[in-house]
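Participant: Structure incoming, see below.
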């Protein structure tokens, strides 16, 4: 049951996104406080969204806890505020959720989600079962919208999955997903981006088991800043081109961010045989601490969970051009990997790749830097060290 009230706000709340002047959320005319259900709080959550889907505010009150036993799918939201001040617990692992896309979907235009609350993914059972088929926690498909100032913990897979979105601000997240035993929290990306344009991700603290950022197929105009990531797989473009797919990523700027004890630091990864292009990528002012692979481009990425798409055709992949690494500093790990590993394809070599002011301390066993099929590598000092 939803407690439903009406009021007239004296003003409109307008958020000016730094990539434009788009309005995010407007004055609400209705407030829907999500009630508790006797069986499945997904039912009352959906009821609240239905009543307040146009010009309303959906409220999860502070100190309230909601337990889901089914998927929450919203669509057609317009001018909606979501005040998540309470806690949402996702379902425990069940066969019916395997290979699902998401647990919660928020879809619409001019949405603002905030509140300081928490979504708990209950991921431990998935990690203990070594099951990597869990859904993402939160899928966002939204235009001219803002999501932030709430927490996501114990995600069974990706925390934030953004698709088919434009002019989107993601900010002030605390994301914390760590296993309580020896079974690692694998495939728990903080943010996956697909088919989107004009996305800002900033001012967030991440402790995860996979990519801090994964900019995937058909994405353009992304800005990432002031992120601290711990224990993850770094800031990644890709993976792209799996199974010969045609993908593109352009105009991505990642700056003023940190990766501590990360497997990778800053990375571009594409599959052999993939088609499309990657261009205008900038990693600037990045601090890496004990990164196993601090700076890496690979055009023959292979995920051992997708071996059917792995092949030995290293001759072609996506065209990679205009990737710039600037002011990257910190330290490499003692795993014996090269500090810089730029390994491109024979028939589609990388071009216009620059390394400027790279200052990453080596361990005693770091191997020589790698620059393969990289146009202009003879003019890059790091390629000869």
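Cβ from N, Cα, C; glycine included.
Feature list, courtesy of Swiss-Prot:
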- 1-26: signal peptide (SIGNAL)
- 210: active site, proton donor (ACT_SITE)
- 212-229: disulfide bond (DISULFID)
- 233: active site (ACT_SITE)
- 344-350: disulfide bond (DISULFID)
- 350-376: repeat 'PbH1 5' (REPEAT)
Participant: For the residue listed as 'active site, proton donor', what is the tally of other C-beta atoms lying within 10 angstroms of its C-beta?
Facilitator: 24
Participant: When the repeat 'PbH1 5' (350-376) is classified with DSSP, how many of its residues are helical, how many are strand and how many are coil?
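Facilitator: Secondary-structure composition of the repeat 'PbH1 5' (350-376): 0 helix, 16 strand, 11 coil.
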Participant: Under 8 Å Cβ to Cβ from residue 212 (disulfide bond), same chain, six or more residues apart: give me those in sequence order, or none if nothing qualifies.
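Facilitator: Correct list: 189, 190, 191, 206, 227, 229, 232, 233, 234, 235, 236, 259, 262.
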Participant: In Å, rounded, how far does the Cα of residue 210 (active site, proton donor) sit from the Cα of residue 350 (disulfide bond)?
Facilitator: 26
Participant: How many other Cβ atoms are found within 10 Å of the Cβ atom of residue 229 (disulfide bond), counting all protein chains shown?
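Facilitator: Residue 229 (disulfide bond) is surrounded by 25 other Cβ atoms within 10 Å.
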Participant: If you draw a 10 Å sphere around the Cβ of residue 350 (disulfide bond), how many other Cβ atoms fall inside it, taking every protein chain shown into account?
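Facilitator: Result for residue 350 (disulfide bond): 27 neighbouring Cβ atoms inside 10 Å.
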Participant: Express the predicted model's confidence over the repeat 'PbH1 5' (350-376) as a mean pLDDT, rounded to an integer.
Facilitator: 94
Participant: Sorted by position, what residues of the same chain at least six away from residue 344 (disulfide bond) have a C-beta under 8 A from it?
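Facilitator: Once residues fewer than 6 apart are set aside, residue 344 (disulfide bond) is near 297, 299, 317, 320, 350, 372, 373, 374.
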Participant: How many other Cβ atoms sit within 10 Å of the Cβ of residue 233 (active site)?
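Facilitator: For residue 233 (active site), the count of other Cβ atoms within 10 Å is 27.
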